[in-house]
Amino acid sequence: MSVRGVARVDLRTAVRSRMVWWLTGVLTVLSVLGTSLVALLGVEGATAVDAVGTLSLPAVLLVPLASIVVGYVAVVGERRSGSLKLLLGFPVSRAAVVAGKLAARTATVALAVLVAFAASGVVAGLLYGGVPAGRYAAFALATVGLGVAFAGLAVGVSAGVATRGRALAFAVGSYLLLVLFWQPVVAGVHYAATGTLPGAVVPAWYLLLERLSPVGAYQTLMRAALDTGATASVFAVRPPAASAAPLSTQLGGDPVPWYLSDAAAALVLCAWAALPVVVGYLRFRGRDL
């Protein structure tokens, strides 16, 4: 059996999951409500870009959650049930199993995100007369990248641990750290290094640490796609106006280094999608089932 065969079978299983459909429905409903909210509140001077920008917070909270739910039992769930031994009884390698699982779970997440964005795009078209297609497509692609990054993390964890309990613990811990508490942790590093909390002007290394998380990298790409300084953070430490300022302003007029570019942010998402899978596979490859 090839990677494609494993992916095809696993995709059917994932799509049949009620939890996947529930999360897709919640993400779609919140996306539509967020897009409609600006018009319902009658915000003066609001544009279609402002409306779709409200999707960033639901995306930051729900897309990683959906990816983790979809991916954290991809390998270890079948391992504990015994179906993985049956699968490996066919002419298929462990590498093909992990790659196929990754392909299926990332496709599931991408489909959920695109459904939500398609519904939101229709609403934006009805309420605001349309949304710039290029910007919206780039925003949707960045959100898919966020989902793929967390799906890679979840599948890597699932391949690397021996029990569902450990996979769940790693998954929950990853969500709490990377989605909710990354900015406070980075602010703590800044305080330890400088004796002050981050303000309007920060060193380049602080912004780099912020963007090393998949959420931070996603926010960079989201701002570039929508040409906005807005951010979507749960526990923001810096004032919103400071985080929304141009990078050169945040750096106190210093040149913007290459590692704070949009391309670097895209590489961060790719790294989160790939490296955990590699580590998980290396542990899975030599482990007795």
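Glycine residues also receive a Cβ, built from the backbone N, Cα and C atoms like all the rest.
The shown structure was predicted, so the numbers you read here are calculated from the model rather than taken from an experiment.
Marked as transmembrane segment by TrEMBL: 20-43 (among others).
Away from its own ends, the transmembrane segment (55-75) comes close to residues 10, 14, 17, 19-20, 23-24, 26-27, 30-31, 34-35, 84, 97-98, 101-102, 104-105, 108-109, 112-113, 116-117, 120, 139, 143, 146-155, 157-159, 164, 167-168, 170-171, 174-175, 178-179, 214-215, 218-219, 222, 230-234, 280, 284 of its chain (Cβ-Cβ under 8 Å, at least six residues beyond either end). According to TrEMBL, the feature transmembrane segment maps to 55-75 (among others).
As annotated by TrEMBL, transmembrane segment applies to 109-130 (among others).
The transmembrane segment feature in TrEMBL is assigned to 136-155 (among others).
Per TrEMBL, transmembrane segment is recorded for 167-185 (among others).
If one looks beyond the transmembrane segment (258-282) by at least 6 residues along the same chain, the residues whose Cβ comes under 8 Å of a Cβ in the stretch are 75, 94-95, 98, 102, 106, 145-146, 148-153, 155-160, 204, 207-208, 211-214, 216-218, 220-221, 224, 247. The annotation transmembrane segment is assigned in TrEMBL to 258-282 (among others).
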